[in-house]
Amino acid sequence: MLAFAWTQTRACAFALALLSGVAVSALLPELPVARYDLLVFYGVLLTLLFWARGWESGRDIAVIAVCHVIGLAFEVVKVALGSWNYPEPAVLKVAGVPLYGGFLYAAVGSYVCRAWHLFDLGLVRYRPRSTAVVAAAIYVNFFSHHWLPDARWVLAGLLVAVTLGTSVRFTVRGVRRRMPLALSFLLIGFFLWVAENVATLAGAWRYPYQQHGWEPVGVEKFGAWALLISVTFVLAAVG
């Protein structure tokens, strides 16, 4: 168990470094450069460091970049719809979303890519096409539910259905083990929800109910992350 936890920590290196940067930046005195802009440069430096050290391959960086772009597009729409906001000023903002916002999704992409290498992941009975279709529908539903009926429970059921019998094979201390893919989505979603609580406490962004003081992020976001991680997983599994 300790070996598994340590490997998970290594896989989370980019995410932990980024989250630490967000937390530390909240404690800094007022600077000539906006905090959100500093975090953009910090995210770029982290990406270059991981690539230069060989911790992430060129392909990994490509996957992470796609996660960044998809995540930034997601943020622009959700912020415009009032789902959450970024309260601090910044020069490097697009439609109210600081560019560092994309690094939050890039961090998830980094985790999946690093876990793939460190655990020597393999998939058993994986259905790439059907899983990709459901993941795409999940991504679209996060937007469309503002105007159309929310299909997240239907999509959650479909995700379970298309991953039924699919397992992830991974190696810990030379021993090959396996875990149901759907369970891995659930576990990752939980830890992303925990990370989101830390990030909002540090002022990374705010939900409407946090405008006058921090409150824990609603537990429904746990389920949202468990669904959204399927998008990142499908991207990482390509090729």
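Positions of Cβ are set from backbone N, Cα and C atoms, glycine also.
Where the annotation comes from TrEMBL, it is an automatic prediction and has not been curated.
Straight from TrEMBL, the features:
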TRANSMEM  36-54  transmembrane segment
TRANSMEM  61-80  transmembrane segment
TRANSMEM  100-119  transmembrane segment
TRANSMEM  131-148  transmembrane segment
TRANSMEM  154-172  transmembrane segment
TRANSMEM  181-202  transmembrane segment
TRANSMEM  222-238  transmembrane segment
Among 36-54, 154-172, 181-202, the most Cβ pairs under 8 Å with the transmembrane segment (61-80) come from 36-54
Contact between the transmembrane segment (100-119) and the transmembrane segment (131-148) (at least 3 Cβ pairs under 8 Å, separation 6+) = no
Answer yes if the transmembrane segment (131-148) and the transmembrane segment (222-238) have at least three CB pairs under 8 Å among residue pairs 6 or more apart in sequence, and no otherwise.
-> yes
What residues in the same chain, six or more past the boundaries of the transmembrane segment (36-54), come closer than 8 Å to it by Cβ-Cβ distance?
-> 13-14, 17-18, 21-22, 25, 61, 64, 86, 88-93, 98-100, 103, 106, 110
